[in-house]
Amino acid sequence: MKVNSPLEVYKYLPGDNCGVCGVDTCMAFASKLLDRSGQLNDCTPLLEDENKDKLEKLEHLLAPEIREVEIGIGDKSVVIGGDDVLYRHKLTFFNKTALAYDVWDTLDEDNLVERVKYIEDFKKFYVGEFLSPDMIAIRSSSNDPKKFADTVEKVMENTELPLILCSFDPVVLRAGVEKAHKRNPLLYAATMSNWQEVADIALEYDLAVTLFSPNDLDNLKSLATSFNKMGAEKLVLDPGTYPTGKELNTTFNNILKIRRAGIGGDKDIAYPIMAVPLTSWLVHKDTVTASYWETVLASVFTIKYGDVMILHSTEPYAMMAELHLGDTIYTDPRKPVTVDPGVYEVGSPTPESPLIITTNFALTYYTVESDLSSNSINSYLAAVDTDGIGVEAAVAGGQLTASKIKEVLELADFSLNEKTSHNTIILPGLAARLQGDVEDMLDTNVLIGSADSGRLPGWMDKNWPPEKE
């Protein structure tokens, strides 16, 4: 992005404050465009012919420094690249690292289908969402065009996930592309020895292609420049992933150099970067060791600029670590992860069920909700709007107060006298100081719960139901 002030964006907007974009003023819309929470298409007057020049100028000014590349189609498609900064705290990172788990064309059909289904169905619930693999990479181990094409076809029959087609042989690659081109796969890979043939395939079918030049950034840049001049702009750069020793250090530094140059304005290599932690399996014979180091490599390159990766291990201990880290690194630091304020039902609450207070910080809310549901504690759970701050900090900072608790109950139209038979609220242990204020403001009984929700089941056994007055 080549601008950093809303004023620089505003001068290219219509300036009539029509509100079509969803905000009251063009200046507010300029701010949304700048932090990428708004899209140019939201401003319909800007799409009119008379504003064509302004639209083109804004598209140029607001384009991310690292180009975006879309792989796949429909709801399952993934977008990689699109970053503007080297350090997340300066803005945020966009487009989470896409994780592709491999299959290969020498697998028998039953094992192939089983592995594809396992990859597609793997899910882990974390802080309000399910984390799952993004893509499947199909490797040609046989170097047989027909076998590769048949494998691609079988994979497509069993998953809608985006695909990476992997072969250094253009004949094999073309065989796979002829089966899968309508699914917009990523091609892997063009090298110094096959680039012309792979470029022809990419241009013929308008597909994204990975450029592979291990430990030679000059050749990698040369490939990118050549493809760009030919009209192939959907590129991904793979500088090689060496899994151990000094070569690993070289890999790390190469990726840093590419991203720094791209963010710094070198458009010849301002493309998404691929890392291949799968190479760990080439040097470690023990499967646990190979899986461990593959996960370590995936973690390193999730943190440092890997936009898409090819992985092999489908062990839960590997996949969960890789998925969790990606979700964490690509959380927007400008805004806490929150749930909507309100009163939620956990299980099947009755009038005898407790009303438990927590905050709308997603990690806090889902931790409490999980501890309640996993212990079959039917309850009402009130998420108070604390601007996404946890209990202890919200109490100290004044975001969690008696008035805020009253506000969320009114927002949810939740009457203690009508919904419950006990007229009692349970406050978190870290919010004990609010007891008197809540009792006075809501004219209710207040119990002080455990300091953390993991102890709630034991606390409930001793303190619930409350004694009747």
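Each residue, glycine too, has its Cβ placed from N, Cα and C.
Annotated features in TrEMBL:
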- C18, C21, C26, C43: [4Fe-4S] cluster binding site (BINDING)
- T358, T364, G388, I389, G390, V391, S453: 5-methoxybenzimidazolylcob(I)amide binding site (BINDING)
- 1-60: domain '4Fe-4S' (DOMAIN)
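With a 10 A radius on its CB, T358 (5-methoxybenzimidazolylcob(I)amide binding site) counts 29 other CB atoms from all the protein chains. Taking the Cβ of C43 ([4Fe-4S] cluster binding site) as reference, residues of its chain lying under 8 Å away and at least six apart in sequence are, in sequence order, L13, P14, V20, C21, F29. For the pair G388 (5-methoxybenzimidazolylcob(I)amide binding site) and C26 ([4Fe-4S] cluster binding site), the C-alpha distance works out to 28 angstrom. Mapped onto three states, the DSSP output places C43 ([4Fe-4S] cluster binding site) in coil. The CA atom of V391 (5-methoxybenzimidazolylcob(I)amide binding site) is located 37 Å away from the CA atom of C26 ([4Fe-4S] cluster binding site). In this structure the C-alpha atoms belonging to C18 ([4Fe-4S] cluster binding site) and T358 (5-methoxybenzimidazolylcob(I)amide binding site) are separated by 40 Å. Under 8 Å, Cβ to Cβ, and six or more positions away along its own chain, G390 (5-methoxybenzimidazolylcob(I)amide binding site) finds T359, F361, L363, T364. Rounded to a whole number, the C-alpha distance linking T358 (5-methoxybenzimidazolylcob(I)amide binding site) with C26 ([4Fe-4S] cluster binding site) is 38 angstrom.
Mapped onto DSSP classes, the domain '4Fe-4S' (1-60) shows 33 helix, 0 strand, 27 coil.
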